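Participant: First the structure, then my questions, so here it is.
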Amino acid sequence: MVYAVLGSSRDLAVGPVSIASLVMGSMLRDAVSPSGEPLLFLQLAFTSTLFAGVVQASLGILRLGFIIDFLSRATLVGFMAGAAIIVSLQQLKALLGITHFTTQMGLVPVMASVFHHTKEWSWQTILMGVCFLVFLLAARHVSMRWPKLFWVSACAPLASVIISTLLVFLFKAQNHGISIIGQLKCGLNRPSWDKLLFDPTYLGLTMKTGLITGILSLTEGIAVGRTFASLKDYQVDGNKEMMAIGLMNVVGSCTSCYVTTGAFSRSAVNHNAGCKTAMSNVVMALTVMVTLLFLMPLFVYTPNVVLGAIIIAAVIGLIDFPAVYQIWRMDKMDFLVCVCAFAGVIFISVQEGLAIAVGLSVFRVLMQITRPKMTVQGKIMGTDIYRDLHQYKEAQRVPGILILAIEAPINFANSNYLNERIKRWIEEENSTQNKQTELHVVILDLSAVPAIDTSGIAFLIDIKKSIEKRDLELVLVNPTGEVMEKIQRANVAQNHFRSDCLYLTTGEAVTSLSALAKMTKP
């Protein structure tokens, strides 16, 4: 209801999603058992939801949405695949009919629990679970193969619940090893503002859980909203979405809801059904309300195994094999991030796996900043164009002139690296040149340098002095506005860069200095 009023997406259908549910459940379960202390567990869930909403709304109000960009596509693909495996493994309890099952989330303890309790396996439960799982996966395949039949996949879970409930009721399957939900309480939950818990003992846990689940759910919600907005050619306001989702969770924490966001599957059903506005969320909310008030007795005989099959069929869609293959082909470092996110989630824990993947992504960004790309350029014959020698095989070096292009901002983080790299190139160039093509000029192409700081200016002055000590000349080509402005400010104190060492293009510089470049030693 809150999102329908404040959100900017016309297609986003909000509600609980598997990833946020998984993360919140696993993080809170480390401190409190949901079966042993259910009230405390609920209090922590509501409090975590409040913090998640505050974080989300704050990001929107302060326009700090760039923070969620640290969750790269590779990170999310690996994380979702790992989360899907973990969620699926947790459903083995229902799918096999096991009574005593581990509360841990990792692959190893779950599989150990499964095979340590083989005596509890129920063939009736397994048969029913496999049959409905095959039915759900077949329905999903039909909808993917023929998009016009989207309703088959959308209706399959409800059909599974109805059919399985009728089978259990008619054949009294609960007396033959099939576990059922049992009696559920009708009505709407009471407001939960009195259940918010700010006890210092658990405050750190709820804040950390709220931060992680808030950013995760916000990332998924905005990504889903933008995906469908691009299909219908309209704009989604990212900051407005953050505030809408954040306020939705703040209100939800006071009305017995845990963290919610926009779900891809529900949004896809919305889109395919032809919804035009966020009013679909109002209809959905009213439908859930009617179900809670009047239809809950119908679920008494619903078998738990079917709910497990529905969850497995749903989360399998989170494993995006084509995306993983594409990442592998395009960027091996991104693939490593993806694999680390996946392995961290299934072998360590959800939050630590995510932290490892984000850490690797940030490390990669830092590497790109501190080790910026530099290229040696040559002239493409028959033209006045200069390009990277490694990329363009037809490009040829200009005798006596070393042309280097820097393709990144120059700042304190990379100036020392650039200094050392240029000096090494000059030494290599001198060691390979013969007397007829002795190096005379070093050209720095700055056209791809958008910004420079004082450390960068100091680097240019230092490299100029170092080059001049070698009896060489440094030429700068096409400094951008900010770079040129700071060079001029540096020249006020001392004229380091005269006008005759500044050129608009590499071609102009080479033409002007060609006579010098062809000189030979006496």
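Yeah, the Cβs are placed from backbone N, Cα and C, and that goes for glycine too.
So TrEMBL says this about it:
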- 391-513: domain 'STAS' (DOMAIN)
- 12-28: transmembrane segment (TRANSMEM)
- 40-62: transmembrane segment (TRANSMEM)
- 74-101: transmembrane segment (TRANSMEM)
- 121-138: transmembrane segment (TRANSMEM)
- 150-171: transmembrane segment (TRANSMEM)
- 242-261: transmembrane segment (TRANSMEM)
- 282-300: transmembrane segment (TRANSMEM)
- 306-328: transmembrane segment (TRANSMEM)
- 335-363: transmembrane segment (TRANSMEM)
Participant: For the domain 'STAS' (391-513), what are the DSSP-based totals of helix, strand and coil residues?
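Facilitator: The composition, in the requested order, is 61 helix, 22 strand, 40 coil.
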Participant: Find the member of 12-28, 40-62, 74-101, 121-138, 282-300 that has more C-beta pairs under 8 Å to the transmembrane segment (306-328) than any other listed stretch.
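Facilitator: Counting Cβ pairs under 8 Å, the winner is 74-101.
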Participant: Across the whole of the domain 'STAS' (391-513), what does the mean pLDDT come to? Round it, please.
Facilitator: 87
Participant: Excluding the flanking five residues on each side, which residues at least 6 beyond the ends of the transmembrane segment (40-62) place their CB within less than 8 Å of a CB in that stretch?
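Facilitator: Residues 24, 27-28, 31-34, 68, 192, 195-198, 202, 205-207, 209-211, 213-215, 217-218, 238-254, 256-259.
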Participant: The transmembrane segment (74-101): which same-chain residues, six or more beyond its ends, come within Cβ distance under 8 Å?
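Facilitator: Residues 18-19, 22-23, 107, 110-111, 113-114, 117, 120-122, 124-126, 129, 133, 177-179, 219, 223, 304-305, 307-309, 311-312, 315-320, 323-324, 327, 331, 334-335, 337-346, 350, 353-354, 357-358, 361.
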